[in-house]
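Feature list (source: TrEMBL):
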BINDING   His103, His271, His275  Zn(2+) binding site
TRANSMEM  81-98  transmembrane segment
TRANSMEM  118-140  transmembrane segment
TRANSMEM  152-175  transmembrane segment
TRANSMEM  196-211  transmembrane segment
TRANSMEM  313-335  transmembrane segment
Amino acid sequence: MLSLIKLPRVFTINQVPKVFHEDGIISGYRHPCSSATDCIISLFQLTNETVNIWTHFLPTWYFLWKLLTVILTRDVWHDSFTWPLVVFLVSCCIYPLASSCAHTFSTMSTRARHICFFFDYGALSLYSLGSAITYSAYVIPDNWVNSLFHQYYVPVAVANTIICTALACYSRLGFPFLQYNRNTIIRFPEYQFPKFAKFLRIVAFAYPYLFDNIPLFYRVFLCVGDGCTDNNANVLHHTHIALAFLTAFLYTTHLPERLAPGSFDYIGHSHQLFHVCGIISTHFQMEAVEQDMVTRRQWLLTHSSPVAFADTLGAAMLCVALSLGIIFLFSLPLISTEGCKYLIVYE
């Protein structure tokens, strides 16, 4: 069947607009005005985005299977103690799916590229909130349970989610309507100050992760003696943390393609490795959280405040609504009825 389909041509970095350029990636770019059909066909064609797409699309189904397993094997409708895990697993399904869709359809136009990654950023922020909700319910060390930090931990994580979604979106084009609209894109800060834009994006992703992990870092690295929650899940937590920092390292350094531009255009560049390490890290995080939930259930039910709707499903739904509002606000100036127009210069 695929042999009967004409595969879209791929291009070099000099043939596509700067907004599509990736550091150290010289070839394998898709047409910057691809149709939706071309984008889908490119899933089965080797481009510099193909592995990016599949390394997040396939794990989506794995996390969906885990979510359905929890729903079908646990009494989630009546057992509120399982709600944080459900929220976390839903976020684990959403963020790789949003990422794979963003990488698939981002070459339909420059406007579409921005909008696609706005959704990607919102999904990552939701995943951060899902992590915080499970950490509050299952992971927080014994001697922090019901502390002042514990009481305000999820509300602060909710605020972080909204702020960081907005900051990540801002890092692409600046303020909607003020710095760009459907006719004029000044493109601050990404175009004029790409390093500053990348810095803002790293802050938008790193800050909520570091805040969410305060109780975990204290538990596994600093706490000694009674009340430190030393159990078998700690090994899994260590693995998750190591992989998370490796993921951040790959995202920020653009290695190995930075050392040999053009050598890793299709397979082996940092964004692919970043995807793989991120998914594996999430897997170990999920295993650790589940083990903490089972191991500590009775103690937490006795000593911790009951799991409430407002701090779990309610917080997640609030963040989804507000994040979608932010994404809509940043996307509105980019919505246009005009078709994509760009002339490819053939070499």
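Just so you know, the numbers here start at 1 and follow the chain as drawn.
Heads up, the Cβ atoms here are built off N, Cα and C, so glycines get one too.
A map of TrEMBL features onto the structure.
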| residue | record | Cβ contacts under 8 Å, 6 or more apart |
| --- | --- | --- |
| His103 | Zn(2+) binding site | Glu49, Asn52, Ile53, His56, Cys116 |
| His271 | Zn(2+) binding site | Glu22, Asn52, Leu250, Tyr251 |
| His275 | Zn(2+) binding site | Val51, Asn52, Thr55, His56, Ser99 |
Original post:
Residues near the Zn(2+) site, His103, His271, His275 excluded, by Cβ within 8 Å of the Cβ center?
Top reply: Glu49, Val51, Asn52, Ile53, Thr55, His56, Ser99, Gln272, Phe274
**OP:** Residue list, the transmembrane segment (81-98) vs rest of chain: Cβ under 8 Å, 6 or more residues beyond ends.
**Re:** 56-57, 59-60, 63-64, 66-67, 70-71, 74-75, 119-120, 122-124, 126-127, 129-131, 133-134, 136-138, 279, 282, 286, 289-290, 293, 297, 300-301, 307, 309, 312-313, 315-316
**OP:** Would you kindly list the residues that approach the transmembrane segment (196-211) from elsewhere in its chain, counting only those six or more residues past its ends and only Cβ-Cβ distances under 8 Å?
**Re:** 121, 124-125, 128-129, 131-132, 156-157, 160-161, 164-165, 167-168, 170-172, 189-190, 244, 248, 251-252
